[in-house]
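Q: What follows is a single structure, and I will ask about it in a moment.
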Amino acid sequence: MDQARVIVSFGADSIIETADGQLHRALTRRRTGRAIAGDRVDWGGQPPHQVVIERIQPRRNTLVRTNYRGQERPLAANLDQLVVVCAPQPAPDQRLVDRYLVLATSLNVDPVVVINKSDRLDDHDASAVQAALAGAHARACPIHTVSCATGDGLEALTAALADRTSLLVGQSGVGKSSLINALVPDRQARTQAISEASGQGRHTTTETTLYPLPGGGDLVDSPGVRILRLAHLSRDVIESGFPDIAPYADACEFRDCEHDREPGCAVRAAVDQGRIDAGRVASLQELLAERNAG
């Protein structure tokens, strides 16, 4: 049976890329389950006529979006890296950056940070950005400084993305779209080809989409990650996303310590002694409270 990968899913049908680089609309059998971007699949049929996804190969990991009711929707699969994009403006949100780092931990992928719009970065902005990236520094994440306007840093970033499937995330306004256009020069043509393959003029602006990179590897853009809830994660997974705090959390008197005013809290003691960043602790507290609230 022939193999392919899923480029984008519209629910019951998907756009797949076959081994010869062709895009085809493929239906998914009900017993097969819903295919998502990044899936490796076995397919049958006679292109350009009906193509059917017969089997979804086992996933290494699955990115899911959880709503406020606790319902999960899978978005992408088989990721290798999570690329967190920030910029001088809007000012980076440390708690959101920390959420992305925990997400990377839960997916067992490598986090990478990109500081975009470096041509607009002054000393004041640089200090604010570095403060927001306390978690990235604690985890020794690779940090790339780039400018889509000047091209600075793009070559090194392209090399870091080569031969890997990377999910691009970041708050609104950081220039994700410009960055994708810089990394995927044929994005517009690719989007048009996907629309034509769908047979219904569908576009991908609201769907998780996989873009092949010219130098090898793939970039996954998922608008569904803009609102990031992690209440479905276990406490152990959340805390493991804070390696700078975890040793102190393990030393707390109570296993369910919220690191607030509990007696015997080793985390608060470490903050008072300047050993760990208070903003990082606030991020951890927020995630634990969200998990406890369900």
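Backbone N, Cα and C define each Cβ position, glycine as well.
Predicted automatically and left uncurated, TrEMBL annotations should be read as such.
Pulled from TrEMBL, these are the listed features:
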- N116, K117, S118, D119, G170, Q171, S172, G173, V174, G175, K176, S177, S178: GTP binding site (BINDING)
- C252, C257, H259, C265: Zn(2+) binding site (BINDING)
- 68-228: domain 'CP-type G' (DOMAIN)
- 77-226: domain 'EngC GTPase' (DOMAIN)
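Give me the structural setting of these features: burial, nearby parts and distances.
A: Using a 10 Å Cβ-Cβ cutoff, S172 (GTP binding site) registers 7 neighbours. Look at S172 (GTP binding site): DSSP puts it in coil.
H259 (Zn(2+) binding site) falls outside any helix or strand according to DSSP and counts as coil. Long-range C-beta contacts of H259 (Zn(2+) binding site), restricted to its own chain and to partners at least six residues apart, with a cutoff below 8 Å, comprise A249, C252, C265, V267, R268, V281, L284, Q285, L288.
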Q: Do me a favour and check the Cα-Cα span between C257 (Zn(2+) binding site) and S118 (GTP binding site); whole Å is fine.
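A: A Cα-Cα distance of 40 Å.
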Q: Of N116, S118, S178, the binding-site residues given in the record, which has the fewest other CB atoms within 10 A of its CB?
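A: Among the binding-site residues N116, S118, S178, the sparsest Cβ neighbourhood within 10 Å belongs to S178.
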Q: Across all protein chains in the structure, which of the binding-site residues V174, C252 has the highest Cβ count within 10 Å?
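A: The residue with the most neighbouring Cβ atoms within 10 Å is V174.
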